[in-house]
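Peer 1: Annotations per TrEMBL:
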- 12-37: transmembrane segment (TRANSMEM)
- 15-439: domain 'Major facilitator superfamily (MFS) profile' (DOMAIN)
- 57-78: transmembrane segment (TRANSMEM)
- 85-104: transmembrane segment (TRANSMEM)
- 110-134: transmembrane segment (TRANSMEM)
- 146-171: transmembrane segment (TRANSMEM)
- 177-198: transmembrane segment (TRANSMEM)
- 245-265: transmembrane segment (TRANSMEM)
- 285-309: transmembrane segment (TRANSMEM)
- 321-340: transmembrane segment (TRANSMEM)
- 346-366: transmembrane segment (TRANSMEM)
- 378-403: transmembrane segment (TRANSMEM)
- 415-434: transmembrane segment (TRANSMEM)
Amino acid sequence: MGIFGVRHLQVLLLFLGVTIGYCLRIGMSMAVVPMANSSSANENIEDFGWNKQQKDLVLSSFFWGYAITQMPSGYIAGIWSAQKLLSIGMLICGVLNVVTPIAASQWDLPAVLVCRVGMGLTQACLMPCAHTLLSKWAPPSERARLGTFAYAGAQFGTVIAMPISGFLAASRVGWPSIFYVFGALAIVWSTVFLLFGADSPSSHSSISQEEKEYIEDSLRTKETKADDEIQQNLRVPWKEIFTSVPMWALIIVHVGQNWGYWTLLTEIPSYMTGVLNFKIDKSGWISALPYLAMWLLSFPVSWLSDFALEKGMPRGIVRKISNTVAHWGPAIALACMSVIPTDNYIWAVLLLIISVGLNAGSLCGFQINHIDLSPNFAGTMMSITNFMATIASIIAPLIVSVIAPDESNADQWNIVFYVSAAIYFLGNLVFVICGKGEVQWWNDPEAVETRRRQGRREDVENETQT
């Protein structure tokens with residue numbers, strides 16, 4: 001099969017797509033600072049004089065649209081084409097990003113909110129489509145490594161977006177260039193993925209027979225293009241999914257992840273400039289360090305995860321250990337933030353690096369657990385948990401604006417860190433107690449139908465007896 005197969009190309013394309021998707025998100029976290037006050041970057045570029053509440057409104061608006069189409073996108077990816085849906089969604093998202101500064105100069109805050117909501121609507125398919133594609137392309141023995149590599153694009157995108165955005169904001173073109181550059185990258189990527197991506201091994205035109213059989217045998221499937229169509233017509237067992245305890249454990253831990261992760265992701269630039277007094281061109285580089293740590297740690301963590309599975313450790317235990325490191329480690333680090341003097345920025349930055357870096361374990365923890373529980377409906381499950389978690393992503397910046405209206409007040413920020421630590425801890429506690437690592441019975445459509453028929457017969461018998 002060679003060292004680099006078609007499955008690796010598909011995962012590489014997903015990695016680049018997730019990277020660019022996060023660049024589109026993070027760009028606004030950096031751009032909102034000079035958009036509100038241009039003196040923080042380039043005084044010659046127009047600004048809009050937004051206050052803290054308006055800035056947080058802009059940061060949360062992406063997730064309004066993201067939440068609305070999250071579940072529909074997972075369903076469409078399953079019944080149509082995850083590859084085409086993702087290509088089209090990212091294309092439209094890139095175009096909206098490019099027009100954002102133009103619309104802002106004409107209509108100010110309302111136009112920016114419309115663009116960001118539109119971007120959320122079209123990028124909502126990113127994670128459900130990626131999950132659907134990984135469930136078809138990643139053999140179980142490689143799932144942690146391939147899945148982690150694909151989703152590590154989130155951290156890599158953050159790592160490059162923050163310093164690049166800081167540099168672009170201070171350039172001659174100013175903050176609008178952030179939107180032009182990242183939007184153009186999204187347009188290019190969507191075109192490439194439409195040409196070279198594929199929904200499954202059976203639908204790829206140039207995959208070798210050897211690699212195709214290796215993937216399908218490992219997934220215990222033998223597919224043709226006709227089988228792909230049958231797969232797309234599988235009925236989603238909604239009732240069984242929503243009454244599954246491991247599924248609810250996934251929902252809760254995903255909510256905890258998004259609250260803690262997105263609070264830090266959207267607010268670190270403001271904390272750096274407000275409390276630690278960094279300039280935006282410097283805060284971009286410093287803000288990126290925690291995500292660089294997470295990206296670098298994701299690779300040894302994924303290798304250790306697959307190694308543990310190869311040595312016979314139960315999959316559920318591996319997922320729970322990985323996620324415990326990912327959530328309880330950051331919870332401790334965030335709690336320690338309150339005792340660090342604000343004039344000692346080195347310790348503050350170090351704790352932020354630890355809190356975000358250790359979160360790499362989540363990539364081998366809950367984030368690929370959907371595929372463990374149900375390969376057939378992993379995309380749909382991701383859309384459900386991500387929808388719930390997106391609500392937390394919307395609420396978190398708004399809660400931060402209430403808790404910490406003064407960006408230079410360290411005591412207010414300490415409350416933000418305590419809340420995030422508590423949510424991290426409780427979410428993972430539920431996952432440890434209730435999570436599972438085995439394929440659930442409702443992944444098999446025949447088993448679902450059999451149980452439903454038995455249930456109907458029992459209902460009829462009970463009615464007859466009464």
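Note: Cβ is positioned from N, Cα and C throughout, glycine not excepted.
TrEMBL annotations: computationally assigned, not manually curated.
Remember, predicted model here, so these are calculated numbers, not experimental data.
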Peer 1: For the transmembrane segment (346-366), find every same-chain residue at least 6 residues outside the stretch whose CB is under 8 Å from a CB in it, and list them.
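Peer 2: Apart from its flanks, the transmembrane segment (346-366) reaches 144, 147-148, 151-152, 155, 250, 253-254, 257, 260-261, 264, 268, 275-276, 286, 289-291, 293-298, 301-302, 305, 318-327, 329-330, 333-334, 336-337, 340, 431, 435.
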Peer 1: Short question: which residues 6 or more past the ends of the transmembrane segment (85-104) have a Cβ under 8 Å from it?
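Peer 2: Residues 17, 20-21, 24, 27, 35, 48, 73, 76-77, 111-112, 114-116, 118-119, 122-126, 129-130, 133, 175-176, 179-180, 182-187, 189-191, 193-194, 197 contact the transmembrane segment (85-104) from elsewhere in the chain.
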Peer 1: Sort out the residues at least 6 away from either end of the transmembrane segment (146-171), same chain, that have Cβ-Cβ distances under 8 Å to it, and list them.
Peer 2: 7-8, 11-12, 14-23, 25-27, 29-31, 33-34, 41-42, 130, 134, 137-138, 177-178, 181-182, 265, 269, 280-285, 287-288, 291-292, 294-295, 298-299, 301-302, 305, 360, 363-364, 367-368, 371
Peer 1: Can you work out whether the transmembrane segment (12-37) touches the transmembrane segment (110-134), with the criterion being 3+ CB pairs under 8 Å where the paired residues are 6 or more apart along the chain?
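Peer 2: The answer is yes, given that the two segments have at least 3 Cβ pairs within the 8 Å cut-off.
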Peer 1: Tell me if the transmembrane segment (285-309) touches the transmembrane segment (378-403). I count contact as 3 or more CB pairs below 8 A, with pairs 6 or more residues apart.
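Peer 2: Contact criterion not met.
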Peer 1: For the domain 'Major facilitator superfamily (MFS) profile' (15-439), provide the mean pLDDT of the predicted model.
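Peer 2: Value for the domain 'Major facilitator superfamily (MFS) profile' (15-439), mean pLDDT as a whole number: 88.
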